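Copied over from TrEMBL:
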DOMAIN    28-470  domain 'Major facilitator superfamily (MFS) profile'
TRANSMEM  28-54  transmembrane segment
TRANSMEM  74-91  transmembrane segment
TRANSMEM  96-117  transmembrane segment
TRANSMEM  123-144  transmembrane segment
TRANSMEM  165-182  transmembrane segment
TRANSMEM  188-206  transmembrane segment
TRANSMEM  239-258  transmembrane segment
TRANSMEM  291-311  transmembrane segment
TRANSMEM  323-343  transmembrane segment
TRANSMEM  382-406  transmembrane segment
TRANSMEM  447-465  transmembrane segment
REGION    487-555  region 'Disordered'
COMPBIAS  490-503  compositional bias 'Basic and acidic residues'
COMPBIAS  530-540  compositional bias 'Basic residues'
COMPBIAS  541-554  compositional bias 'Basic and acidic residues'
Amino acid sequence: MTDTEVTLDDELLLEDTTPFWKKRRNHLALLVFIGFVIIYTLRFLLSVGIIAMLEDTEIDWGSFQTGLILGSFFYEYIATQIIGGVAIAFLPDYLVLGIGILITSVLTIASPVIVTASFLGFFALRVIIGLVEGFALPSMNNIWTHWAPPLERTRLIGVQHAGKYIGTVLSLCTCGIIAINYEWSTVFYIYGGLGCLWAIVWIVLVRGSPEKDWFISDEEKHFIESTLPKNDPTKKTKIPMKAILTSMPVWAIIVAHFTENWGLFTMLTQLPLFLHHEFEFPITQSGYVSAIPYLVFGLTLFIAGFLADFFQERKMLSTSQVRRYFSCISFLSQGIFMLFVAYVANAFLVMTFISFGAALGALSTCGYAMNHLDIAPQFSSFVRGISSTIGTIPGIVAPLVAGLIVNIPAAKDQHPTTTKEILIEPENDDPKYEDAVIQHVNQWKNVFIVTAHVYFLGCIFYWFYSSGEVQPWAILPEDATGISNVTDIESNKADTEENIERPARRRNKNGQSKKGAKQDSLKQPNVHKSSTKNSHKSPARSKDNRKNKIKNDTSSEALKIGARLLKMYDRFANYLSRMFRY
């Protein structure tokens, strides 16, 4: 063992004895959690607030104008994700986030004044808010590349993502109450003010790296810096655009992001309508009930983060396995529960299945959602920007697809009853009425079936093409002789421990086993020839061949598993169709 290897093992075995509540990275995670709660509340407060706004006599919008306003946030948000990821390489990441949220909050406070003055002005304001958030949010991923030790990365970033869903729940549950008891403008003032307060605290107290932080202890700073790649944070690195866009692990992240967001935006936009029109839930009650899956998701996310780190710390799973297993279990389970929802006609069962799916769906956030930090630490913001850009497309497309499938006015014209009434008290035996009933029921069923298939396809793609190792194009020249990634150290250490656990043979002075020495003594004439032949085999080449063999065996086994899963899914879908057939 060389001195370098000893140093790497010593760094891997470092422990931070700082108390949990004093760890600066935990303070950062708490601040980020609160920030994301506020950010997502600001993003979705209009979904509920617009109902009260439309009752204001000063606001006279048609359905087309309302649709434009609700989608206006994503028009520029989708376009600036990649640009934001590039900008982080040249600007202080913590300032980009803090100033971005400050601008968003100020514009939110200004919204009530502008909305009563001009429709186009309010539309432009929402577009600008989407543009600013498109720049700001990728910066958070870059901050974690400096602050999160690899073995704690899942846990810390899981806390961040939990804020997204808690913020969504807070928006759905509180904005309606505030708008009813006070004026609708109060919603914008309260959450805009909280956003300004958070941004000021963030800019004053937080720095982009442990080295520049004012409050971190020397022990914690040394621990974090010792576990991260030894890159120069001030060095402006050229982004390997072609390599990133042709990397299958990158596309695995993109497809997974698209998959998860398809289900998220379908539920966010269609679940309240589904409950209201099919099960006669009042609008306020629909909002409360629709928030349950996101609350379950956010709470489960904390457990999932600790669980993922537990598997890695105990060497039970590698980084690649954690990302792959957690994401695919999430997508597969959500797809199955979507099929359950498609074939049942009971509101309680519907919400139970969706909530169970949301609970297991939290696993994906510990999978693909932080995979970009594994495969490209130096370019994580850019990779995240690409996946967020394409992942935002379902926010526009999923509601449109659902709208094309479900034609609520047409259904009500044909039979002005709910699905609940149709199933319990059929009105007559007219064949035309029966056809209308079947069409009405199948509309919502098809929405959930489409969503389930998106989940299954995303699961298959991510299983075969994801990776948890640093990609060759993401290893900088200065890392060639140093630590490129802690994942590599962990895998090397795991290999070493695996070799130690195998039954050791007694060896002679030349390092051979007794059995091997006896066999060689019987083949003395061939010793020189054999050693000459083996001398041409490079250790690196031998290691590559061994890796390729393992990879091929793994791929073959994965194909068999995939074929079995598809066969099981086909049988399961047919079984459900027969069981719940109306």
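Positions of Cβ are set from backbone N, Cα and C atoms, glycine also.
Unlike curated entries, TrEMBL annotations are predicted automatically.
Away from its own ends, the transmembrane segment (323-343) comes close to residues 256, 259-260, 263, 304, 308, 317, 349-350, 353-354, 356-358, 360-364, 366-368, 370-371, 374, 444-446, 448-449, 451-456, 458-459, 462-463, 466-468, 565, 572-573, 576-577, 579-580 of its chain (Cβ-Cβ under 8 Å, at least six residues beyond either end). Counting Cβ pairs under 8 Å that are 6 or more residues apart, the transmembrane segment (123-144) and the transmembrane segment (28-54) reach 3 or more and are in contact. Between the transmembrane segment (447-465) and the stretches 165-182, 188-206, 239-258, 382-406, the greatest number of Cβ pairs separated by less than 8 Å involves 239-258. Mean model confidence of the domain 'Major facilitator superfamily (MFS) profile' (28-470) amounts to 81 (pLDDT, 0 to 100 scale).
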